[in-house]
Amino acid sequence: MKQFLLIFALAVAIAFPTAGDAVAARLVADVDISSQTMTVRKDGRVLYRWPVSTARPGKVTPIGTFRPQRMHRKWRSTIYGSNMPYSIFFRGPYAIHGTGAVSRLGRPASAGCVRLHTANAKRLYDLTRQVGPSNMRVRIRH
């Protein structure tokens, strides 16, 4: 029974990383939904602060701390058919990615993803590749 509980606890810890997990990461993309901004920190130092677009009314951007699941320099949404350059998928179909709708940055406008200016999405994508996806966290909060 003890062995089962230990395995279960480890599985939960891996599946649901904590905020402390973000602190230990070399690269953190910290998304603040209330201000529609992303602050990028590398080794604890703020590198960038950018406007983003998260979920519009009726849609949801997941809250929590996530690890990149996969990355694509070029991606096209299979749901909406839109281009998603420099995508960093962090939870199922949800990703941080570039957008051509730059006039909407700074306010909720997406179907749940975190949209960035494409040049900024490329910077974050390149930084994530540099440190390795296992050393990057996406933290999203209100």
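Residue positions begin at 1 at the first shown residue.
Glycine residues also receive a Cβ, built from the backbone N, Cα and C atoms like all the rest.
The signal peptide annotation in TrEMBL covers 1-24.
Counting residue by residue with DSSP, the domain 'L,D-TPase catalytic' (27-141) contains 20 helix, 51 strand, 44 coil. The domain 'L,D-TPase catalytic' annotation in TrEMBL covers 27-141.
Just so you know, the Cβ of HIS97 (active site, proton donor/acceptor) picks up 25 other Cβ atoms within 10 Å once every protein chain is counted. Summarising the annotation, TrEMBL assigns active site, proton donor/acceptor to HIS97.
Taking Cβ-Cβ distances under 8 Å and a sequence gap of 6 or more within the same chain, the neighbours of CYS113 (active site, nucleophile) are THR54, THR61, MET84, TYR94, ALA95, ILE96, HIS97. What TrEMBL records for CYS113 is active site, nucleophile.
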Mean per-residue pLDDT computed across the domain 'L,D-TPase catalytic' (27-141): 98
